[in-house]
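First the structure, in the form of structure tokens, and then the observations on it.
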Amino acid sequence: MPHPPALTSTLALSALFLFLLSSTSQAHNITRILAKHPELSTFNHYLTLTHLATEINRRQTITVLAIDNAAMSSLLSKGLSVYTIKNVLSLHVLVDYFGAKKLHQITHGTTLASSMFQATGAAAGTSGYVNITNLKGGKVGFGAEDNNGKLNSFYVKSVQEIPYNISVLQISQVLTSAEAEAPTAGPSQLNLTAILSKQSCKAFADLLISSGADTTFETNIDGGLTVFCPTDAVINGFLPKYKNLTTSQKVSLLLYHGIPVYQSLQMLKSNNGLVNTLATDKANKFDFTVQNDGEVVSLETEVVTAKITGTLIDEEPLVIYKVNKVLQPTELFKVKTASAPKDVAEGPDDSADAPGSDDSEDQTADSDKNGVEGLDGGRLGMVVLSLCVGVMLM
């Protein structure tokens, strides 16, 4: 039986909207975008070398300030390490959308835009912000916030724009920043326990050192490491249980808080399921399940469920998260029954703990701007609109 004309129109219109929906959900690829422009090849190469390209591709609202080969040669002539170059280039990645048109429509003619350098927490104070000023004659200047207000680079052209997703703009010079160009330690030079001690995770760091587990954590940094750190208040409340463990059990428990691969917050959200830990071996699984509910990421054992409450550092290949409970594996602790909720017994819940240095960016820009293919508010609205139009046509 043929469909009535109104129903046919409705189905066709809905199909069109769904097609547009699927086509707009495609993630961008900064490497492919820049590959079309040979004059930007060195910049493109170093985005890949420093892993910034991967971070850019994960985000869904971002602006890349590209510089040509001559400007990159000037930067490379300074003899900076690749880790310092990463900081400098991350200053050229803004965690907001600025198309060519928007540059000339900035409110009051000037604005400060947060860069990826600021978002990672590597920048001191506001040194990771970029000043964008619409000058006379249609000229737009750019300057790092810690450059004494000097605009040392200027807009050249738009390379490619995918509105409100990614904008790639070419600017004339490398943004000058003493903070970004400061010597930066490589992964093997990072002192894990020192980082933990400065970020409300000193109690956990002390346990790593006293047990000798810190060595295992340190040796895994270069290959990629994700650490889940219960904060000081959580550890202090758990100490009575910890003291009842044997020496080897204490080591296993601590190693259970590390994953031997780098997992950004978005990667954890996108790859829910079982994960192995530093404690995993052939005889014992020592695994747990990663789950997310919107922006909240949970780590579930059969004994407890912990939540990620902040990010201490996220500099591939190392990322450290704060969690509100000690992770307890079934190999060491009894599984809670239905009458005994599994979210008790660790002491104070630190879920209200303030976010880490880059947690605000992680939970806003990074959490829903990383090329996730799914329905956001705008696209969901398109689907609803298509259904409404369909009803009107029937």
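Keep in mind that glycine also has a Cβ here, set from the backbone N, Cα and C atoms.
Curation plays no part in TrEMBL annotations; they are all automatic predictions.
Worth saying up front: this structure is predicted, and the values here are computed from it rather than measured.
Marked as signal peptide by TrEMBL: 1-27.
The domain 'FAS1' annotation in TrEMBL covers 27-175 (among others).
For 188-327 (among others), the entry in TrEMBL reads domain 'FAS1'. If you take every residue in the domain 'FAS1' (188-327) and average the pLDDT, you get 92.
Taken from TrEMBL, the feature region 'Disordered' covers 339-373.
Annotated compositional bias 'Acidic residues' per TrEMBL: 346-365, in sequence order.
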Fill in the blank from the handout: For the domain 'FAS1' (27-175), the DSSP residue counts stand at 56 helix, 40 strand, 53 coil
Exercise for the section: Kindly report the helix/strand/coil residue split of the domain 'FAS1' (188-327) according to DSSP, in that order. Expected result: 51 helix, 39 strand, 50 coil
